[in-house]
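According to TrEMBL, the feature Zn(2+) 1 binding site maps to H91, D102, H201. The feature Zn(2+) 2 binding site is assigned by TrEMBL to D102, E137, H393. The allantoate binding site annotation in TrEMBL covers R226, N286, R299. Residues or ranges marked as domain 'Peptidase M20 dimerisation' in TrEMBL: 231-323.
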Amino acid sequence: MNEIQTASGGTARSRLGDEIVSRINQLGMISETPEHLARIFLSPEHRTAADLILSWMRDAGMEAHLDAIGNVCGRYEGDRPGLPCLMLGSHYDTVRDAGKWDGPLGVITAIACVGDLNRRGVRLPFAIEVVGFADEEGVRFASTLLGSRAVAGTFDASVLDARDRDGVSMRDAMVQFGLDPGQISAAARTRRELHAYVELHIEQGPVLEAQDIPVGVVTAIAGATRLAASLSGMAGHAGTVPMALRRDALAGAAECIVAVEQFCKAEGAGLVGTVGVITALPGATNVIPGRASFTLDIRAPTDPHRTRAVAEIMRQIEAIAKHRELSLQIDVTHENRTVPCAPWLKAQVAEAVAAEGYGVFELPSGAGHDGMAMIDIADVAMLFVRCRGGISHNPAEHVELADADGGARVLLRLIENFRPLEAART
């Protein structure tokens, strides 16, 4: 086994890191194509991955099964049967052309921690459950968090009629996978069954690396507002319409985009704004664009901050459109509330980080996670693990062995010292 450098400067045998990295690599081989990693919800590769994770759960001493939506679920009983659980989890689906670590690191690390407890014969005064959520990314049916929403009892049955790019409905895909769409409600859990939900995940950003810290304590999962904006002006000949007389929709969109960037930079405090899609019509080299459309994604660590920012951004876009004599249509297409990590639970994550010799560094999550659904039935906390270059949703996504092991040791310490809310108050 590899020796790793600990935060205190000594070395420790890598008890968990080697196992985690080996399994990440095994799971990363399961893909619809060898050219790039793609493990899409309800695909044959998704089923192969589920079966492999189930085998790891059983090897770790858990009772394991596939639930009604394809989540992989394992349970390690406490010192007596039937106790409420500390639930650990993340997702095992991927985007297309993905990295290996986003999602699976949390599932595999949780299994490794339970396996360590099992080898030592440790039973705790609560059960531990590990869930590999079947669909967090929302790639196939354009709806995210399907696995965790089913567990939280908030699954929207209308998604069953959504179709993938090949015209296959979710309903039919479930049947092909061997699941019964009419039984999704059976996956739902209740607040009485769970003490809390904790997710370990790669950061998917560059902050921990910039701070030279391997792990971070998440304060909140940022809320997001997505908008679709369309500006209409007047198409015209690129050579005959003077600049002062143009109503160029694309130039207006460009000014709006720069305004969003400048505003978000000036605001700081975790506010981020992204224009991810832009189109211009008629789309000819020698024609002034008469219409331009773009998307906006606005995120912030608190809902009031995000709400104020969206209002100001919309005001600025409206002012730009008016000044340029462009008509404007702007609509909110998606809105997710901020999910704050529970203070009592976050404090225990921080204690575990400090106990392993690391500095406690807090940061918000700009990306969405399954905790956004799980908050409906449990208090939520997250632990971030540093990823190289902050790269994610990319084949270059990578976590160093020492960081994977460090994250696992923090999670294991959290589990062994976990105090449910009632006990944490005393």
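In case you wondered, yes, glycine gets a Cβ from its N, Cα and C as well.
Those TrEMBL annotations? Automatic predictions, nothing curated.
Overlay of TrEMBL annotations on the structure.
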{"residue": "H91", "record": "Zn(2+) 1 binding site", "Cβ neighbours (10 Å)": "28"}
{"residue": "D102", "record": "Zn(2+) 1 binding site", "Cβ neighbours (10 Å)": "25"}
{"residue": "E137", "record": "Zn(2+) 2 binding site", "Cβ neighbours (10 Å)": "22"}
{"residue": "H201", "record": "Zn(2+) 1 binding site", "Cβ neighbours (10 Å)": "26"}
{"residue": "R226", "record": "allantoate binding site", "Cβ neighbours (10 Å)": "17"}
{"residue": "N286", "record": "allantoate binding site", "Cβ neighbours (10 Å)": "7"}
{"residue": "R299", "record": "allantoate binding site", "Cβ neighbours (10 Å)": "26"}
{"residue": "H393", "record": "Zn(2+) 2 binding site", "Cβ neighbours (10 Å)": "15"}
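Residues S90, W101, G103, P104, L105, G106, E136, I202, H369 surround the recorded Zn(2+) 1 site, their Cβ atoms falling within 8 Å of the Cβ centroid of H91, D102, H201, which are themselves excluded. Cα of H393 (Zn(2+) 2 binding site) to Cα of D102 (Zn(2+) 1 binding site): a span of 7 Å. Excluding the listed site residues D102, E137, H393, the same chain places T94, V95, A98, G99, G103, Q204, S392 with Cβ atoms within 8 Å of the centre of the Zn(2+) 2 site Cβ atoms.
Note on the domain 'Peptidase M20 dimerisation' (231-323): mean pLDDT across this stretch is 97. Rounded to a whole number, the C-alpha distance linking R299 (allantoate binding site) with H201 (Zn(2+) 1 binding site) is 19 angstrom. Considering only the binding-site residues H91, D102, E137, H201, no residue lies within 10 A of R226 (allantoate binding site) on a C-alpha to C-alpha basis.
Across the structure, H91 (Zn(2+) 1 binding site) and N286 (allantoate binding site) place their CA atoms 48 angstrom apart.
Taking the Cα of N286 (allantoate binding site) as the reference point, the closest of the binding-site residues D102, E137, H201 is E137.
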